[in-house]
Amino acid sequence: MMARSFLARRYRSDLMGVALLAVAVVIGGSTIVKSYHLTMLIYSGIYAIAALGMFVLFGIAGQISIGQAAFFGVGAYASALAATHAGIPPVLAVAGSTAMAAAFGWLVSRPLLRLTTNYLAMATLAFGVICFILFAQLRSLTGGIDPGIVATPGFSVAGFDLSSARAMFFVVGAALCGTILLVLNLVHSRVGRALRALKGSEVATAGLGIDVVRYKVAAFTLAAGLAGLAGALFAYFQSAFNASVFSVGLSIELLLMVIVGSVSSPWGALFGALFVTILPTFLEDFEQYKLLIYGVILTVVMIYMPDGFGSTVVQLGRRLTRRTATP
Amino acid sequence: MTQLLQTLLSGLTTGAIYGLIALGFTIVFNATKVTNFANGDFVMMGGVVCAGLVTLAHWPLLLAVPATIVGVTALGAALDVFGIQRARRKTVLSLAMITIGFSVLYRGLMQVLVGRDVMFAPSFGIIPDIRTAELYVGSQSLWILLALGLISGGLSYLFLKTRLGKAMRAASQSPRAAALCGIDPRLMSIASFAMAAAVGAIAGALIAPIGAAFYDYGLVFGLKGFAAAVLGGFGSPVGAVVGGLLLGLMESISAGYLASAYKDAVALAILLGLLLVWPSGLFGRVEARRV
Amino acid sequence: MTLVVQSFAKRYGGLVAVDGVSLTLAPAEVTAIIGPNGAGKTTLINLMSGVILPDGGSMQLFGADVAGATPHVLAEHGLTRTYQSPQLFAEMSVLETVMVGAHLSGRAGFLSAMLRLGAIRREEDELEARARAALSRVGLPDDLLDRNTTDLAYGHQRRVEIARALATGPKVILLDEPAAGLNPKETHEIADLISDLAREGYAVGLVEHDMDMVMGISQHVVVMNFGRKIADGTVDEIQSDPAVIEAYLGTSEGEAAHACVA
Ligand SMILES: Nc1ncnc2c1ncn2[C@@H]1O[C@H](COP(=O)(O)OP(=O)(O)O)[C@@H](O)[C@H]1O
Ligand SMILES: [Mg+2]
């Protein structure tokens, strides 16, 4: 019997990765002292969850969206409002907002996904801006830009208060581990292969009996749901926020996280989220040069590393090890 | 009646700007098949640089405007030379991503050079306002309409009569055939980005006195210009101008009925609607992919 | 009859790419569709596989009316194809590419795939076994399975496409110039593979320019020119058909000589 092939091997090493990530979360959560560091990692984790959704949509299925901030916003507002006004328990609120964002995504995906490449990019961009305008203008619901959402109650599970930064670190860490496990399972499945195939050739994929539209819609829905989940966690962690968070800037950043990380591996989304979240804080000292430096770095990555910074590093590593292995 | 006429005139003014931005998209797309997400930033830079030169450096307008055009044109050419030409992967999306990167870079550059303040540029003057009992057309609006006329006329001449323009059209229709005829596609690419940047810079310098100049305005300019281009039929220069004017008219008419905060949303909703139900627009044609 | 096409038509602007073409494919037979470049062969295949919609005409697959059906529905009904220029998936290994072909024999959906519930592992094993079987059926060397399809030699890419099509478990296979760009030895092997497939019971539709190959392995030949069907019959009938000879003489003498001599 032929041993289960390289595919099983790849899946196993991805599972190892999840285990390592879980260990890293536990160690990090119990040893990191500075709350600033915890905070940055929490934000990275939250964005990584949304970026994983973007990875499914863009990295795997090849469908671009520059409007993910809309779903992030729906998740954030839904959970903040559910917690403040309806007093719904946080876990339920998070689950409900995720479902709501996913449902919204499903609703808009059918018309949007009739478009491809640049048209899809522009249409999702326009969609994102429209949602941003609505977030900012529907003040009775969202508080607009000022005052926004003032105080979302802290996160808790079954009465245990988990609102401290350290507790939220574990909450976000657990959500992230869970999300990447789900995405990895997807990648290594019939469904994931179908999505990768339609990125390569829609015509050929359809010709193999795969309902391309249905799969694209599902990928879009999943991406919207994960953006909503991230938004909900964001609302609980940040407590006070306003509509300016959900501008096009966030949509572009989520896309960048995938591009900077890797378009071919979900691990890239984690790396990209960390990179895109942390980099600006390093540039803080450069004051007005910040955005310029940021732009230069992004541009260089996009020009020279179209598969992502993460992928390029991995490829380089592989090439080096191969060279040493076969002299 | 006069109220309506006034609304239509102001719609034509903004519409002319949208038309110019749409022309920028069209020129680049036709020569390179790239959708330039930094196109709106050319307009933004036109406004910011010009306003900065006049208000901060106290240059006379007569000097500031040409300097702005030259500067922004150079920055547009740089996007092609350092970005598009060097791209490791030249798929439509990868190239679009690079233009998004440059959009961030341009905004950063403007922050460094001019700062983060909203700026107000002086009107061009010279042309007098038209003021009758019922009607008022500002001098700057006349400049804008004049510019749209001159630029579309100039571009038509360029594309229909000159060697460069003919080469650019040939290159867009069949890059390989054009290359065989000795037309350097890279030159066409640089030329298209430089031209789009020049047109954008002019539009930006023209609109800054009416609106304002700010490093973050590029996105909205870009989206509306793109909407105009789609309305006219993406890739058609005539469509770009007509689409821009129509979009400006629709926006100014709807502004009468809607809170001004939703004005931008209207143009974008029009864009979405068009993309979904009428992607070929007024003058466009849809190409099917062959297998 | 497995597949019956009745007066299919397709216009592109003023050009009639396919003009009222009827034909039938039968099980265990190779039906060749030949004709000069631009005759409308690929367009006909595109119509039959649902990639483009006909402006007129109808099609029955195992008696069911399927004109206007989308490609994935046709694939579910057992019709699959390959492409004139290989449509492989970038950045995907050979094995996975062919596993996409086996997609229809799995059932995991989004949720069960993400949760990796119960039977998924077994299903994955089954899909992989199916893919491996299809790959060895087309004679692709085992050591290529983990390579990216787009890195393979052209001849191997063609085989992967055929394997991917076979993995769907089809009854009808349409091949659009499967030997284009291959050397004589590879062409010979592909020809053997195709006639073996017919012998196993598949209904094969074959678009091909290599007349030795066509005349060697086809039971049935349809000749097209300017979008129309100008002849339809056995190899012997076609070779002595004056309309066919004229069509080929009118376009390319080399091909005509081939058609007549073979
Ligand atoms: N998508 C399309 N748009 C316009 N014309 C097309 C299209 N597809 C094919 N054609 C035209 O239809 C005719 C038949 O083409 P095709 O079916 O590819 O021929 P063959 O495969 O026999 O060489 C050709 O003249 C071709 O240019
Ligand atoms: Mg053909």
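Using N, Cα and C of the backbone, Cβ positions are placed for all residues, glycine too.
Whatever TrEMBL says is automated annotation, not expert-curated.
Straight from TrEMBL, the features:
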- B:12-30: transmembrane segment (TRANSMEM)
- B:65-84: transmembrane segment (TRANSMEM)
- B:91-109: transmembrane segment (TRANSMEM)
- B:142-160: transmembrane segment (TRANSMEM)
- B:193-214: transmembrane segment (TRANSMEM)
- B:226-249: transmembrane segment (TRANSMEM)
- B:261-281: transmembrane segment (TRANSMEM)
Apart from its near flanks, which chain residues at least 6 from the ends of the transmembrane segment (B:142-160) lie with a Cβ under 8 angstroms of it?
12-13, 16-17, 19-20, 23, 27, 124, 127, 130, 166, 168-169, 195, 199, 202-203, 206-207, 210, 237, 241
Between the transmembrane segment (B:193-214) and the transmembrane segment (B:65-84), do 3 or more CB pairs sit under 8 angstroms, pairs being 6 or more residues apart?
yes
Out of B:12-30, B:193-214, B:261-281, which stretch touches the transmembrane segment (B:226-249) the most, going by CB pairs under 8 Å?
B:12-30
Near the transmembrane segment (B:193-214), which residues from the same chain, at least 6 beyond its ends, have a CB less than 8 A from one of its CBs?
13-14, 17, 20-21, 23-25, 27-28, 32, 36, 39-52, 64-65, 68-69, 71-77, 79-80, 84, 117-124, 138, 140-141, 143-144, 147, 151, 155, 221
